[in-house]
Amino acid sequence: MKNLFLYCRAGYEKDCAAEIQQRAAELGIGGFVKANRDDAYVVFQGFSPDDGDRLAKELPLDSLIFARQMFACGDLLDDFSPEDRVTPIAESLTEVERAGELRVETPDTNEAKELSAFCRKFTVPLRQALKKRGVLLDKESSRRPIVHVCFVAPNKAFTGYSLSNNSSPHFMGIPRLKFPADAPSRSTLKLDEAFIHFIPREEHETRLRSGLNAVDLGACPGGWTYQLVRRGMMVHAIDNGPMNHDLMETGQVTHHRADGFKFEPARRNIYWLVCDMVEKPARVAELMEYWAIQGWFKEAIFNLKLPMKSRYKEVSQILANMHAILKENGIHEFHLACKHLYHDRDEVTVHLWLRPSSPWI
């Protein structure tokens, strides 16, 4: 397949397009992007017949900032009748063999969501047809490719596949998280999603374990602190504003009425540093760099608020600067990742893990 379909947040198509254009070029893959504002998806159209296949295999989804999910695809199917959508869709997927799962999806827009009920019903006959053709296995398998059918309109769809080891495990790339009734603010879901996205599930018991020490810069009223507390951590909450009473009653939170940009930890026993302050992204990045150089944490998750224009360019520059500054200051082993998460709005979430191979004392 020559194209690559990418889901993103509505309004961020231009940023997603700029990113995939650059990343494809880095792999020596030429093409152009089709994107319309508020469609919540973009399509990279390659010049060679297998460009989409190459990107689906060689470009790590986790390395993309603005794409929630991606799959190799053909051209838009828009010539089938409402009476028989199954046949043309099944015929478009003949290149896919022995896939382990079928996902009939829509972009994340209010208009497209109106097709959700249809997609659920349509999945049953389509699954049966794909099994008969050998496109799908009789039983689901998490190790085989995933078939994607994305309806962008009632009679228009993109079809293709993603590889199970380079694909979001979530439908449409969106994790379904429930807002805790006792959480101080909805921002709590941002950190919850960040932990799910950046930390492999099998490592939660070590890297997110009870008893770790954490610092939350700009903590008020405690949305992010809540996620640390519910995992059993001891938290230093830094903010001049008031903290949620119930959080303080847990005995796990020490509230420091101080400026998050001026606070310094008394001891070097902080594992997690988190920060969701409303501030210029470059200034927050500089603060994180300073903490890293001082050796004041092991892992950090922080948000960068985005400008109105040139968002991909701005974030890319900040990440490149951070990478260079850490190296210049003797930190040669680290993992730096960035994602525009579902619960983020005009911001991105960054994860920084210092010296991953060195044990935490």
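These residue numbers are counts, starting from 1, taken along the chain as shown.
Glycine is no exception: its Cβ is also placed from the backbone N, Cα and C atoms.
Binding of S-adenosyl-L-methionine is attributed by Swiss-Prot to C220, P221, G222, G223, D239, D259, D276, and within the candidate set S187, S210 the record adds S187 to that site. Long-range Cβ contacts of P221 (S-adenosyl-L-methionine binding site) within its own chain (separation 6+, distance under 8 Å): P184, S185, G241, P242, M243, N244. Within its own chain, K305 (active site, proton acceptor) has V278, E279, K280, P281, V284, D346, E347 as residues 6 or more apart in sequence whose C-beta sits under 8 angstroms from its own. Across the binding-site residues listed here (G222, G223), the residue whose Cβ sits among the most other Cβ atoms within 10 Å is G222. Here the Cβ of C220 (S-adenosyl-L-methionine binding site) has 20 other Cβ atoms within 10 Å, regardless of which shown protein chain they belong to.
Annotation note: S187 (S-adenosyl-L-methionine binding site) sits in a coil segment as assigned by DSSP. Within the same chain, residues at least six positions away from D259 (S-adenosyl-L-methionine binding site) with a Cβ under 8 Å of its Cβ are I238, N240.
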